[in-house]
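One structure is given here, and the rest of the page talks about it.
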């Protein structure tokens, strides 16, 4: 345990000195991309990966920032006679280097999957005990990202040290290849990953698997909202369940290492538009990776416009990299069909002195919500200048793309693509530094010194705002 504390302390010292704590120089902002699992599970093929990559480029999503195309489980054909991983040639007839080349030709990055166990979660060969050989396989095929799961781990868990050592073996092996490979742990938050993840990885899952439900309880996700040290993470965890578990963990994330709340369910299942906006907004607020889980070939216009909302993405990609904090949480009487209902207020600092705030309405009706500057700057002492200043308030969803424009883009109208923010020409960091109006939403008013912001938030919805000093 001492070694873990030392590693954590080292990361904190590096942060204090202004040195990136990223163990491999990657992940200075949360990763963005696409993963097949939420929609396609094991139904993966070369055609799916290449077609998705083409579609991401055609729609302008690559330029918005979604640059990783990640192949999940079920790609493997086993191991060769010398123990090397081989792809299933029925699914990937040209091999993995062919896929990587196609993606790289489009300036996209290629992600693959394995598990820190004897088998992957779907029963294919895992990498436990094969870390060096498998890392060489990934590097040889020019993989840029590894999602590393937790199934069939032979009982090598139960303490932070046990899990740390098991995942460190692949971290070391990836580094030994000499190829920069983003390392994404998927150990479901087991053994307090948020304490030690940043020493060996760029992101780490902090809960059981997500499902496309806003706040539905499920016995397969047995740990409650506040059980951040969950002994049995399970799966089918709702959006609110995961968000509430993540609330205390923001203090352990920073550039180079992020809490991963799992893939986005925008465009998956039957979430309402307000639920999809709330889901996307809160993942951005807590600096979770933004990984599309939907079929990009069959996105509805409203979901596409959420994925393309650059003022919200700019919060997620803010170079300061400080996750927002949940300031308060209150239960409400207007519960849904599952007896669930709560409201929350979140706030966090941004690189340029701005502040981002979110009013989250988990209740079953539209409601007024409000917060004062003492809520927004909850750590400030009485008399602090931020409490005695005037702040301009910008609604980060006010300039959302119209469905008609989104439909034009989805139907191949390239001229409409020019309406999307292009982070390949100007990064979010550069755009924020240059006060690019496309990243700030629309001003809706001001908060005077000592004043309050009053908003109306739909059921299962969010009000998301950026505050700028007047």
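Just so you know, glycine gets a Cβ as well, placed from its N, Cα and C.
According to Swiss-Prot, the signal peptide annotation covers 1-18, on the basis of sequence analysis.
Residues near residue 42 (disulfide bond) in space but far in sequence (CB under 8 A, at least 6 apart, same chain), listed by position: 73, 74, 122. Swiss-Prot lists 42-74 (among others) with the feature disulfide bond.
Here Swiss-Prot flags 43 (among others) as N-linked glycosylation site, drawing on sequence analysis. DSSP assigns residue 43 (N-linked glycosylation site) to coil, not to a helix or a strand. The number of other Cβ atoms within 10 Å of the Cβ belonging to residue 43 (N-linked glycosylation site), over all protein chains shown, comes to 10.
Within the same chain, residues at least 6 positions away in sequence whose Cβ sits under 8 Å from that of residue 147 (substrate binding site) are 35, 70, 72, 111, 112, 113, 114, 184, 186. Under the heading substrate binding site, Swiss-Prot lists 72, 73, 147, 205, 251, citing similarity to another entry as support.
Under the three-state DSSP scheme, residue 82 (N-linked glycosylation site) falls in the coil class. When other Cβ atoms within 10 Å of the Cβ of residue 82 (N-linked glycosylation site) are tallied across all protein chains shown, the result is 6. Swiss-Prot lists 82 (among others) with the feature N-linked glycosylation site, giving sequence analysis as the kind of evidence.
Annotated disulfide bond per Swiss-Prot: 121-151 (among others), in sequence order. According to DSSP, residue 151 (disulfide bond) is assigned to coil rather than to any helix or strand. Take the CB of residue 151 (disulfide bond) and look out to 10 A: across all protein chains shown you find 18 other CB atoms.
Cβ environment of residue 149 (active site, nucleophile): 73, 113, 114, 115, 116, 117, 120, 121, 186, 187 lie under 8 Å away, each six or more residues apart in the same chain. According to Swiss-Prot, the active site, nucleophile annotation covers 149, on the basis of similarity to another entry.
Swiss-Prot lists 175 (among others) with the feature N-linked glycosylation site. Listed in sequence order, 24 are the same-chain residues six or more apart from residue 175 (N-linked glycosylation site) with CB atoms under 8 A from its CB.
All protein chains considered, the CB of residue 209 (active site, proton donor) has 20 other CB atoms within 10 Å. In three-state terms derived from DSSP, residue 209 (active site, proton donor) belongs to neither a helical nor a strand segment and is classed as coil. As annotated by Swiss-Prot, active site, proton donor applies to 209.
Taken from Swiss-Prot, the feature disulfide bond applies to 221-237 (among others), supported by similarity to another entry. In the three-state DSSP assignment, the secondary structure recorded for residue 221 (disulfide bond) is coil. Cβ contacts within 10 Å of residue 221 (disulfide bond), excluding its own Cβ and spanning all protein chains shown: 25.
Annotation comment: Swiss-Prot describes 223-230 (among others) as disulfide bond, evidence class similarity to another entry. In this structure, residue 230 (disulfide bond) belongs to neither helix nor strand by DSSP; it is coil.
Per Swiss-Prot, the feature N-linked glycosylation site maps to 270 (among others). In the three-state DSSP assignment, the secondary structure recorded for residue 270 (N-linked glycosylation site) is coil. For residue 270 (N-linked glycosylation site), the same-chain residues 6+ apart in sequence whose C-beta sits under 8 angstroms from its C-beta are 212.
DSSP gives residue 388 (N-linked glycosylation site) a helix state. Within its own chain, residue 388 (N-linked glycosylation site) has 449, 450 as residues 6 or more apart in sequence whose C-beta sits under 8 angstroms from its own. The annotation N-linked glycosylation site is assigned in Swiss-Prot to 388 (among others).
Long-range C-beta contacts of residue 413 (N-linked glycosylation site), restricted to its own chain and to partners at least six residues apart, with a cutoff below 8 Å, are absent. If you look up Swiss-Prot, you'll see 413 (among others) marked as N-linked glycosylation site, on the strength of sequence analysis.
Just so you know, the Cβ of residue 422 (N-linked glycosylation site) picks up 17 other Cβ atoms within 10 Å once every protein chain is counted. The feature N-linked glycosylation site is assigned by Swiss-Prot to 422 (among others).
Here Swiss-Prot flags 435 (among others) as N-linked glycosylation site. Look at residue 435 (N-linked glycosylation site): DSSP puts it in coil.
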By Cα-Cα distance, the member of recorded positions 82, 230, 435 nearest residue 237 (disulfide bond): 230
DSSP-derived structure type at residue 237 (disulfide bond), helix or strand or else coil: strand
Cα-proximity to residue 209 (active site, proton donor), 10 Å cut-off, over recorded positions 43, 221, 223, 230, 454: 221
Number of Cβ atoms other than its own within 10 Å, given for residue 73 (substrate binding site): 21
Most Cβ neighbours inside 10 Å, all chains, among the disulfide-bonded residues 74, 121, 223, 230, 237: 237
Cβ-Cβ neighbours of residue 251 (substrate binding site) (radius 10 Å): 10
Other CB atoms within 10 A, centred on residue 72 (substrate binding site): 23
DSSP three-state assignment for residue 413 (N-linked glycosylation site): coil
